[in-house]
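Participant: Per TrEMBL, the features are:
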BINDING   C14, C17, C32, C36  Zn(2+) binding site
REGION    52-72  region 'Disordered'
COMPBIAS  53-72  compositional bias 'Basic and acidic residues'
Amino acid sequence: MSSRDQRSDDKIPCPTCGNRFRMDETQAPPFCSQRCQLIDLGRWLDEDIGLPHCEDESPKTIDRNLVDGDGS
Ligand SMILES: [Zn+2]
């Protein structure tokens, strides 16, 4: 089914900019250019740093409740 599609259209959409290009023409697959590859890499690094911060805040809230209840 899909094999017929790949033959007639070699172009694929770039994950970063959405521009359609041929795999043969790009120097940084599956992106249309090296610039788009760097942009996508930057996004991943940004998310990686943001995650640990959120988890760090949860334990502190629980610790507060435990100390407060034990006092009375
Ligand atoms: Zn692109």
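Here, residue 1 is simply the first one shown, and the rest follow in order.
Each Cβ is built from the backbone N, Cα and C atoms, and glycine gets one as well.
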Participant: Reduced to three states, what secondary structure does DSSP give C17 (Zn(2+) binding site)?
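Facilitator: Its secondary structure by DSSP: coil.
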Participant: Could you tally the C-beta atoms, other than its own, that fall within 10 angstroms of the C-beta of C32 (Zn(2+) binding site)?
Facilitator: 25
Participant: Name them in sequence order: residues not among C14, C17, C32, C36 whose Cβ is within 8 Å of the mean position of the Cβ atoms defining the Zn(2+) site.
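Facilitator: Apart from C14, C17, C32, C36, the close residues are P15, T16, G18, N19, F21, F31, S33, R35.
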Participant: What three-state class does DSSP give C32 (Zn(2+) binding site)?
Facilitator: coil
Participant: Sort out the sequence-distant neighbours of C36 (Zn(2+) binding site) for me: same chain, 6+ apart, CB within less than 8 Å of its CB, listed by position.
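Facilitator: C14, P15, T16, C17, A28 - these are the non-local Cβ neighbours of C36 (Zn(2+) binding site), listed in sequence order.
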Participant: Which has the fewest other CB atoms in a 10 Å radius around its CB: C14, C17, the listed binding-site residues?
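Facilitator: Each of the binding-site residues C14, C17 was scored by Cβ atoms within 10 Å; lowest is C17.
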